[in-house]
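First comes the structure, then the notes that go with it.
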């Protein structure tokens with residue numbers, strides 16, 4: 001999958017291209033990340049990409065022209081990479097909140113162009129003419145769009161075919177089926193008075209699967225009850241829930 005990231009700080013994306021699952025996927029060309037600096041498309045000796053906002057107010061606003069040229073260049077790179085559909089995504093506090101369903105939709109694309117804002121944001125006309133989607137990673141303010149963009153890229157890349165050494169890993173992640181993940185344990189068996197649940201050491205796969213589901217369901221019910229309402233349970237899972245109800249009686 002091809003990614004073009006429009007950012008004033010391309011060096012930050014070494015965190016994606018050089019480390020972890022996304023780094024390995026990049027080295028194996030499962031994912032390609034190309035960073036484009038809008039300063040390269042700015043005019044004048046100072047290569048300015050920001051100006052004061054019309055109407056007054058604090059801070060600076062990123063100018064439309066250099067960003068538009070950067071996006072056009074990104075689209076050319078996407079076309080050269082063979083992308084049929086590479087939408088332009090702007091990471092913005094005003095966008096829809098990113099979730100697992102949205103990530104899976106992105107995985108189905110063959111390319112993505114991600115715009116990272118800075119300062120007080122970008123000129124609205126740029127958004128109107130060039131941006132296809134706006135996405136947020138939460139209701140809080142960051143210094144720029146680079147960290148949200150890295151969150152987006154990492155969440156997509158780890159879902160790409162062959163990106164993970166164990167294909168079952170992402171299937172068992174939190175939110176994939178609407179539930180949070182279950183508790184995880186490793187060696188040693190005993191740690192500061194706490195023991196690993198015996199069922200996990202039993203080797204009985206059916207019992208382990210049931211235990212993990214019940215843990216996931218109860219954890220989601222306790223911490224994110226609004227998610228439970230959206231979950232579609234299998235016949236077996238509904239049967240397992242009777243054990244959870246019986247344990248409370």
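Numbers here mean position along the shown chain, with the first residue as 1.
Heads up, the Cβ atoms here are built off N, Cα and C, so glycines get one too.
Fair warning: this is a prediction, and the values are worked out from it, not measured in the lab.
For 117, 137, 138, 139, 140, 141, 142, the entry in Swiss-Prot reads S-adenosyl-L-methionine binding site, with the evidence type similarity to another entry. Following the DSSP three-state reduction, the secondary structure of residue 142 (S-adenosyl-L-methionine binding site) is coil.
Scoring each of the binding-site residues (141, 142) by how many neighbouring Cβ atoms lie within 10 Å, the top position goes to 142. For residue 140 (S-adenosyl-L-methionine binding site), the Cβ neighbour count at a 10 Å cut-off comes to 7, with all displayed protein chains included. The Cβ of residue 139 (S-adenosyl-L-methionine binding site) has 7 other Cβ atoms within 10 Å, all protein chains considered. Looking at the residues that bind S-adenosyl-L-methionine per the record, 117, 137, 138, 139, 140, 141, 142, the two CA atoms farthest apart are separated by 16 Å.
The Cβ of residue 137 (S-adenosyl-L-methionine binding site) has 20 other Cβ atoms within 10 Å, all protein chains considered.
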